[in-house]
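Working notes, beginning with the structure itself.
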Amino acid sequence: MTSSERVWITPQTRDRLQAELAALAEPHVEDEAVDLDERQARQARIHQIHDLLNDAVVGEDPPDDGVAEPGMVLTVRYDATGETETFLLGARGVEHADLEVYSTQSPLGTAIIGAGRGEQRSYRVPSGATVSVTLLDAVPYGRHTSGHRS
C-alpha cells in the first residue's frame, strides 16, 4: 500500500485495528521457541496496521451516486454464470464480519472501480481467463448496514 492511497474503514474497524496493534506492540519476552519467521510476521502486521490507520478515511461514506469506489457495497453479476455477489470494495487486511472485502488492487476491484450501475467490466484472473461482470448496485457501506436501500 502506498502512502497516497486512501483507505476507507468504519469506526468499528479502526477500533479493532487499534486494539490489535496495541496487543502486537506489547513488550514480549524473547523466547527462543519463537522463531525468526514468527517475529518477522508480527513486525510485518504491525507495519501493515500502521499503514492502514495512517491512510484511513474513517466512517465517511462516499457519495451515494451508484459508482463503484472504496467504501461502497457492490453487487455484481458474473455474466457467464448469472451468479451474483455482494461485497465491500475496501482494503486487504481489513475484515468486515458481514461482508467479503475486495481490495481496489484485486483483479475485480481494479476492473470495477469507477463503474456505474448497469456497466459491464472485464478482468483477467490468475489462470489467464477473462471474467466479465456487470455492476448491479453500489451503495455506501453505512447505508447498506442501516438497511436503507434505494
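Backbone N, Cα and C atoms are what each Cβ position is placed from, and that goes for glycine too.
Counting residues per DSSP class in helix, strand and coil order gives 6 helix, 35 strand, 32 coil for the domain 'Transcription elongation factor GreA/GreB C-terminal' (65-137). According to TrEMBL, the feature domain 'Transcription elongation factor GreA/GreB C-terminal' maps to 65-137.
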Reported mean pLDDT - the domain 'Transcription elongation factor GreA/GreB C-terminal' (65-137):
91
